[in-house]
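Asks: According to Swiss-Prot, the topological domain 'Cytoplasmic' annotation covers 1-48, 111-253, 314-757, 809-828, 918-930, 986-994, on the basis of a curator's inference. According to Swiss-Prot, the feature transmembrane segment maps to 49-69, 90-110, 254-273, 296-313, 758-777, 788-808, 829-851, 898-917, 931-949, 965-985, an assignment based on similarity to another entry. Per Swiss-Prot, Ca(2+) 1 binding site is recorded for Val304, Ala305, Ile307, Glu309, Asn796, Asp800. Annotation comment: Swiss-Prot describes Thr441, Thr569 as phosphothreonine, evidence class similarity to another entry.
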Amino acid sequence: MEAAHSKSTEECLSYFGVSETTGLTPDQVKRHLEKYGPNELPAEEGKSLWELVVEQFEDLLVRILLLAACISFVLAWFEEGEETVTAFVEPFVILLILIANAIVGVWQERNAENAIEALKEYEPEMGKVYRADRKSVQRIKARDIVPGDIVEVAVGDKVPADIRILSIKSTTLRVDQSILTGESVSVIKHTDPVPDPRAVNQDKKNMLFSGTNIAAGKAVGIVATTGVSTEIGKIRDQMAATEQDKTPLQQKLDEFGEQLSKVISLICVAVWLINIGHFNDPVHGGSWFRGAIYYFKIAVALAVAAIPEGLPAVITTCLALGTRRMAKKNAIVRSLPSVETLGCTSVICSDKTGTLTTNQMSVCKMFIIDKVDGDVCSLNEFSITGSTYAPEGEVLKNDKPVRAGQYDGLVELATICALCNDSSLDFNETKGVYEKVGEATETALTTLVEKMNVFNTEVRSLSKVERANACNSVIRQLMKKEFTLEFSRDRKSMSVYCSPAKSSRAAVGNKMFVKGAPEGVIDRCNYVRVGTTRVPLTGPVKEKIMSVIKEWGTGRDTLRCLALATRDTPPKREEMVLDDSAKFMEYEMDLTFVGVVGMLDPPRKEVTGSIQLCRDAGIRVIMITGDNKGTAIAICRRIGIFSENEEVTDRAYTGREFDDLPLAEQREACRRACCFARVEPSHKSKIVEYLQSYDEITAMTGDGVNDAPALKKAEIGIAMGSGTAVAKTASEMVLADDNFSTIVAAVEEGRAIYNNMKQFIRYLISSNVGEVVCIFLTAALGLPEALIPVQLLWVNLVTDGLPATALGFNPPDLDIMDRPPRSPKEPLISGWLFFRYMAIGGYVGAATVGAAAWWFLYAEDGPHVSYHQLTHFMQCTEHNPEFDGLDCEVFEAPEPMTMALSVLVTIEMCNALNSLSENQSLLRMPPWVNIWLLGSICLSMSLHFLILYVDPLPMIFKLRALDFTQWLMVLKISLPVIGLDELLKFIARNYLEG
């Protein structure tokens, strides 16, 4: 049934053809079950494990590697002689890399899929219904409830479907809807129609929503919708429909992979074509086919050389280390790639309650009447410090601390706050904080009494557990609470009937203490309290009181005000009828006004500074709240989202105002606005969509089930540590301390991580460029192989992987939070950088080939061949006069390969030092700023020595131990790369950065 909240109870009953007393007949139940289906949320159709595994191989680079592995496997199969074993090493290693990558990928995907399952925990197991086949109420499984069923709910029950309330069987019905609306205060329900068909969930005061909890009272209602049609069901559908986008880094790496694969394909084809003439060379035994296969192997080597196999592992490691650093700052990251996305966040949409504020109501102002002279009335106004439930703070008058006990009016005000109250404070020893027990508003009054300490109780010697209610218990010993007149909507107040305790010999009789909404309570006051006397309440005095309340309720503070009053001579207990709440109004008449307290959910202390940080970093903060607009704007001014006198017409909207705008203007509003009030969860998703249309990277916070679709849609969903499991599973990050400042710290960390990733991605790629140049040069010049695939894999994975990982520990730049967020479209490698890589890569390639050639041409223990013989080695046979007196086997000697590999590794270690900073000289940023990097370079070199000097490794890698003169040559060839990069950095600093 649509818009049940706007229909009268009679209309709802006749729509389903049911009577409130008897319920549906078995026949109707059967028909409704067929029409509407069972009352449950369908299970999520997840991807099977096999589908997830296949998905991991959709990446182009992965496919090229897979192809290379298959080809080298086939080639290894046809290999003859002693090389058979070593030939299988390479395809085996490539496959291992691919499998490891796939496992990590599948594990991450699996985590993301659990969000929808978590919604299940809000489904109630059972429900209580009236049906025509039984006289009394019967308990049935919640999934069997159908629209039209008459359902009974009582305190502690979980609501089994979306229900329109027909009648309330207690004084009040309070419902905790925080999982749906995110607002922590429980809501008082009624049975009248809500005429507005477009009302937001917070305003549907005559509806009970599936999955919410009954906090107090008992009621009977008619089921309006079940299953997927309920509010929580709609949330599930939104979540199921939300596809996760790739993070900016994933998109970058995908683009990069595509470009790389095109380049690789081109180079492979080029190498093949250049050498078609050599296919028949005698070295291949004159067989064209074997010649083709030989160059095929070189093409495979090229593919292996060009792909940075170590990159996925290094990125994962760097992100994982980043998540550990963030966890120390209370930000728990659930999906690794989002660590980097945080770095380009340009908009943070934050909930107000609990994130920007403490979610601990606290009284910050109060007043009592000072004196009344005819129509002139003066007030004593006080402010109270402390913004949490901790009983620590002082009472100030004109900014100077005062003793509250000196003012008779404050003693009575404290008495009302302590007695007209069902809540208390509790010190949680495990968390080390004071927490509320009961309603937030009432706990604020309990805390106020503790701060006022009107009877000067000795509290310094008490433990924190005893301190929690010390001053309240003193007051509760003086007066005994007999009974409570519950809050009701018509009078907007509640009261307690108290009698003096036997022990106190004060000459006071019974009293009634009242607290409630100011207009309601003050209308029933005939007197005001001045000191210990009471004075008649005249029109001008009432106007004065109401004007202060109005001033407090608007403007910068927007406090929630409560009036406190006493009935000095209440009726006798015996004369009062306590089971008829309609009579409560008469008992709360003839009151004496005592004072007013103003409270708010105060902003967290650190938030103002964090918002300033965001402003410096070019990040816009948008506050989104279910609260009303006045309160929202006031908090925005307090924390610096708006300045004190800023005009907010185009920058703050309610959900309704936003909906009423045409679509184009809604989109425009999202570009300007910094505050949305009275919003529904669906608005959050809409806002994210509009922001994404401007290419903004949005971080969205949320804690309720209602926030899950928006959390899933935003690039960075941020759930609260105290939030629901659904919100946490739909988000990328969880704030352990629910604090907005933690988000800003995480953004800073994200920026630092991205900068470091840029450095090591560039480092790894320049290494690959060098390897490609090396293989291309040997093939183009017709030289013997300088590097074989298994050596390339070793370099890409191990020797380069360690320094690359260590580059993830580079310290962040000092001005990292003074720059605007980087555009997600900014390429990883810009034009100048591309030139730099090409220059460095070109040097690396030339140096490795040069080192191998040096051994052939000039080394003391080398064959001293001529350059012509070296470039035409393919034609070497015993019968060829050009190669007279030369053993052709020499062209397959391991020494030149060892020289080439050692030069490659040494240059890479120098390059790692170059990568400490993008443009800073090594003189300005010496190597020891990153001690991890020095350690990893030592480790990499040790591993290189391992494969040179420890059997059987040299055989597998086809290497030979080097002597001292050869190592000297390696260093001479390698070290100039540092000078080359310093020169390029110098040009960048002085001529390119304007």
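Cβ from N, Cα, C; glycine included.
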Asks: Would you list, in sequence order, the residues of this chain other than Val304, Ala305, Ile307, Glu309, Asn796, Asp800 that have their CB within 8 A of the centroid of the site's CB atoms, where the site is the one recorded for Ca(2+) 1?
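Replies: Close Cβ neighbours, site residues excluded: Ala306, Pro308, Gly310, Asn768, Glu771, Leu792, Leu793, Val795, Leu797.
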Asks: Could you check the recorded positions Thr441, Thr569, Asn796 and say which one's CB has the most other CB atoms within 10 Å?
Replies: Asn796
Asks: Val304 (Ca(2+) 1 binding site) has how many other Cβ neighbours within 10 Å of its own Cβ?
Replies: 29
Asks: Does the transmembrane segment (254-273) reach the transmembrane segment (90-110) with at least 3 CB pairs under 8 A, where each pair is 6 or more residues apart?
Replies: no
Asks: Only counting partners 6 or more residues apart, tell me which same-chain residues put their Cβ under 8 Å from the Cβ of Glu309 (Ca(2+) 1 binding site).
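Replies: Listed in sequence order: Leu65, Ile94, Ile97, Leu793, Asn796, Leu797.
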Asks: Given Val304 (Ca(2+) 1 binding site) and Thr441 (phosphothreonine), what distance in Å do their CA atoms have, once rounded to a whole number?
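Replies: That comes out at 67 Å between the alpha carbons.
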Asks: Based on DSSP, name the secondary structure state of Ile307 (Ca(2+) 1 binding site): helix, strand or coil.
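Replies: Assignment for Ile307 (Ca(2+) 1 binding site) reads coil.
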Asks: Please work out the number of neighbouring Cβ atoms within 10 Å of the Cβ of Ile307 (Ca(2+) 1 binding site), leaving out its own Cβ.
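Replies: Taking all protein chains shown, Ile307 (Ca(2+) 1 binding site) has 27 Cβ neighbours within 10 Å.
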Asks: So which of 90-110, 296-313, 898-917, 931-949, 965-985 has the most C-beta pairs under 8 Å when paired with the transmembrane segment (788-808)?
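Replies: When the Cβ pairs under 8 Å are tallied, 296-313 comes out ahead.
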Asks: Give, as a single whole number between 0 and 100, the mean pLDDT over the topological domain 'Cytoplasmic' (809-828).
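Replies: That region's mean pLDDT is 79.
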Asks: Go through the chain and flag residues at least 6 beyond the ends of the transmembrane segment (898-917) whose CB is under 8 A from any CB in it; none is fine as an answer.
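Replies: Result: 759-760, 762-763, 766-767, 770-771, 774, 786-787, 791, 795, 799-800, 803-804, 806-807, 810, 840, 843-844, 847-852, 854-855, 924-925, 927, 929-930, 933, 936-937, 940-941, 944, 948, 957, 959-962, 966-967, 969-971, 973-975, 977-978, 981-982, 985.
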Asks: Measure from the CA atom of Thr569 (phosphothreonine) to the CA atom of Thr441 (phosphothreonine) and give the result in Å, rounded to a whole number.
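Replies: That separation, Cα to Cα, works out to 27 Å.
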Asks: What number of additional C-beta atoms lies within 10 angstroms of the C-beta atom of Ala305 (Ca(2+) 1 binding site)?
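Replies: Its Cβ has 28 other Cβ atoms within 10 Å.
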